[in-house]
């Protein structure tokens, strides 16, 4: 029969192994440039042959200093992730420029795979995130040029330009090569196929006609 100390050691090893498997692995080589054409399906991308790698795999002429035209909610997101720079594969980071029209917003959304840190380059932004159930606490702040704010991974967050006359610009860094995004309104009212209006009417405590009207709108994909 195993001794108590042996059982404790086995339990500790099992816990350590479980924690190791539950987090993203660190790179095991200098780089693993994504091979976009590989038939191998892995969590991320297979590595391109290092002998075929060149500097362009780590470069993108993105012109992130150039203003972008905003959409009907008054924002435009220019994302640079592993799909634009294959060299980001396994490195756990991406970047985005967000342009905001006067009174424009980046609507409430989440990044299921990344924490975000946002820096205001120009203008003013009202930003915030909401904690999970049951408290649903709002943490919000008005940011000015040079200010920085963090949005924890997976939590609903937003940015809004309160200035009716001046645009705003921000840069966001995200802790994933592919952070993903779920824009709340798009997901709930613009899903394909649509969620039953009976389900949504009860969830939001409104008439079915209100839900039908919302689902009939054009839910533009503006996310990163």
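Glycine is no exception: its Cβ is also placed from the backbone N, Cα and C atoms.
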Given that Swiss-Prot records 109, 111, 116 as binding Mn(2+), the matching residue among 157, 165 is 157
Least crowded of the glycosylation sites 76, 135, counting other Cβ atoms within 10 Å of each Cβ, is 135
Same chain, |i - j| six or more, Cβ under 8 Å of residue 157 (Mn(2+) binding site); the result in sequence order is 108, 109, 110, 116, 127, 128, 129, 130, 151
Within the same chain, the residues at least 6 apart in sequence whose Cβ is under 8 angstroms from that of residue 111 (Mn(2+) binding site) are 151, 153, 154, 174, 176, 179, 180, 181
Cβ neighbour count (10 Å, all chains) around residue 109 (Mn(2+) binding site) is 22
DSSP output for residue 135 (N-linked glycosylation site) maps to coil
